[in-house]
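Taken verbatim from TrEMBL:
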- 559-728: domain 'Cation-transporting P-type ATPase C-terminal' (DOMAIN)
- 70-90: transmembrane segment (TRANSMEM)
- 120-146: transmembrane segment (TRANSMEM)
- 539-557: transmembrane segment (TRANSMEM)
- 563-583: transmembrane segment (TRANSMEM)
- 676-694: transmembrane segment (TRANSMEM)
- 706-726: transmembrane segment (TRANSMEM)
Amino acid sequence: MTGESDHVEVDTNRNPFLLSGTKVADGYARMLVTSVGMNTTWGQMMCQISRDNDEETPLQARLNKLTSSIGKVGLAVAFLVLVVLLVRYFTGNTTDEKGNREFNGSKTNTDDIINAVVRIVAAAVTIVVVAIPEGLPLAVTLTLAYSMKRMMADQAMVRKLSACETMGSATTICSDKTGTLTLNQMKVTKFWLGQESMKGEGAYSISPSVLDLIHQGVALNTTGSVYRASTGADFEFSGSPTEKAILSWAVMEMKMDMEKMKTSCAILQVEAFNSQKKRSGVLIQRNDDDTDHVHWKGAAEMIVAMCSTYYDASGVVKDLDDDARTKFEQIIQGMAASSLRCIAFAHKQVLEEEPKKLKEDSLTLLGLVGIKDPCRSGVKKAVEDCQYAGVNIKMITGDNVFTARAIATECGILKPGEDMSSGVVVEGEEFRNYTSAERMEKVEKIRVMARSSPFDKLLMVQCLKQKGHVVAVTGDGTNDAPALKEADIGLSMGIQGTEVAKESSDIVILDDNFATVATVLRWGRCVYTNIQKFIQFQLTVNVAALCINFVAAVSAGEVPLTAVQLLWVNLIMDTLGALALATERPTKELMEKPPVGRTVPLITNIMWRNLLAQALYQIAVLLTLQFSGESIFGVTKKVNDTLIFNTFVLCQIFNEFNARKLEKKNVFEGIHKNKLFIGIIGITIVLQVVMVEFLKRFADTERLNWGQWGACIAMAAVSWPLGWVVKCLPVPEKPIFSYVKWGK
């Protein structure tokens with residue numbers, strides 16, 4: 001139930017419950033059914049998974065706030081423009097092209113009034129269209145879809161599109177241990193023969209007689225099996241995790257031939273492993289010389305207590321006196337401290353005159369092996385990367401405290417010396433029994449939770465979310481499913497993960513490598529930053545267009561940018577701009593910033609600084625052209641309007657480069673890698689030339705000569721040096737709108 005491969009003791013006193021969905025490994029009992037279906041532990045767990053939570057992702061919540069705020073401002077400005085233009089028209093303050101008053105009370109033709117009102121309403125509606133960033137959903141979807149495709153190449157399969165960006169905001173990652181941080185494959189990592197640790201020399205440095213006895217002890221005293229289809233094929237091991245580890249070690253490193261061993265000896269008597277004695281024994285007879293031998297295997301402290309002598313590496317039998325016993329106890333404790341499960345092998349030859357039974361005393365110790373579930377390669381680096389990026393990593397496991405602490409230290413989740421007393425390591429039961437207030441107070445401090453049930457994992461995730469964290473959970477077992485479902489982002493393992501875990505998750509890590517989690521984090525931040533870049537770019541256009549049309553409408557009674565022109569600007573800014581900025585690749589700098597979490601505003605002070613500087617420059621230039629352009633350039637009103645339109649669009653094209661980097665001064669860095677960006681800028685320029693030079697009637701423009709084009713480009717190009725200068729200005733840390741409600 002906890003996802004660990006260890007057997008759990010069930011007895012009448014301490015733990016009398018058999019849980020549905022688990023398997024009986026050993027023993028016999030009579031069972032009374034107390035609950036079925038949804039009332040069982042398994043049923044409750046499935047209940048948690050089948051609940052659908054339609055929560056908004058942190059980014060969706062921010063975007064909804066932003067778009068509704070922009071919409072309100074846009075509608076207010078449009079309404080003001082509508083009122084001002086209507087008042088000006090009906091009070092007779094407007095003139096037609098010949099200089100005559102347009103509205104002369106009852107003398108005015110009804111058709112003229114209707115046409116004028118329609119024109120005024122069209123101008124107001126256009127302002128609304130430009131103000132509302134309808135390109136935002138497109139930009140977000142494009143960014144997500146692009147990154148999803150790219151993440152597939154980085155071994156992460158995204159099942160839920162919004163998970164890409166949520167990962168960018170993640171502040172805490174709760175990871176399962178078994179199968180996620182570790183391989184879920186028990187492996188012999190230490191072997192002691194006598195009082196020497198045999199490092200890598202394997203079968204070659206041991207005396208043949210001792211080696212033969214070790215082979216016997218492993219091959220004949222086991223419930224596991226070894227299978228090999230053909231001579232060149234790989235070995236397949238079956239049995240409990242511990243048995244598989246010992247068999248694998250004996251075959252691969254100790255060059256044991258299982259079949260040969262089984263045929264060379266006959267088994268006379270067996271004592272199966274039981275949990276009280278923590279050992280198993282076998283009495284065998286060798287076929288070649290008819291001698292009888294007893295072999296024991298089990299928990300090291302139990303087996304050592306049964307021995308009176310031990311073999312050293314050269315095969316010499318030595319006395320197991322008090323000093324030697326103390327030394328062996330230290331070796332066993334040392335292994336336990338490194339979270340190794342310590343198994344010992346012992347042997348005794350039964351003399352012919354002795355009764356044929358399993359001897360339990362005066363044995364000779366053959367050796368000790370240390371077994372552990374090793375960490376995956378690359379986990380330590382990935383954990384460091386995530387911690388460097390400001391993300392907290394917590395380990396939640398069903399395993400015992402000692403193993404959990406040792407693995408957490410090995411992975412870098414715990415620093416050496418962080419002990420239990422400081423509340424960093426807790427057990428699931430302890431966490432469960434805290435009051436709600438205690439849990440909320442302590443949850444952020446906890447780094448390792450051991451002996452945890454699926455519901456403890458769920459509780460941990462819920463507490464962290466209540467504290468405002470954006471929580472990612474990684475897991476591979478069915479026991480992780482409720483937490484995967486509840487978390488903001490669930491990451492499951494593709495190879496070892498169960499179907500239930502994958503179904504409950506948002507992203508599947510295809511190569512089961514925790515290092516991919518760090519890659520997903522980087523992609524998530526990339527998505528978030530790309531959306532921020534687009535918003536900065538889009539809002540510059542919106543602010544400038546709104547201000548220019550508003551000021552011109554209020555003062556001159558007309559709008560310089562016509563409906564068609566504003567819609568064209570909207571098209572290149574929304575669709576093409578979204579495409580260009582959505583395809584930026586992740587950079588190393590993304591992992592140097594702290595996570596954004598739930599509360600940091602989408603538009604940061606840095607973005608406001610960049611955005612307002614560019615918008616104010618554009619407004620200043622375009623209003624100067626609006627009121628003095630005809631005299632400066634010596635052109636007609638129609639050509640002047642085209643100059644305003646052309647300069648406005650070119651400003652956006654130059655500003656698109658500025659939007660590539662929110663903080664860095666060099667906006668051209670890495671531009672050659674983004675072919676799509678260069679292509680889109682090229683297409684936009686070509687389309688703009690066509691719009692100005694050839695679509696005279698459609699776009700309401702006049703052709704411009706080379707000098708006028710040069711002037712437009714020169715005015716627009718100022719946005720590059722301006723962007724560079726503005727980025728030198730420091731901005732306060734505190735959000736600019738922290739005292740206004742919607743800016744939170």
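A Cβ is built for glycine as well, from the same backbone N, Cα and C atoms used for every other residue.
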The transmembrane segment (676-694) touching the transmembrane segment (120-146) per 3+ Cβ pairs under 8 Å rule: no
Same-chain residue ranges lying at least 6 outside the transmembrane segment (563-583) that approach it to Cβ under 8 Å: 122-123, 125-127, 129-130, 133-135, 138-139, 142-143, 146, 530, 533-534, 537-538, 541, 545, 549, 645, 648-649, 652, 656, 659-660, 674, 676-677, 680-681, 683-684, 687-688, 691, 698-701
The domain 'Cation-transporting P-type ATPase C-terminal' (559-728) [mean pLDDT, rounded to integer]: 85
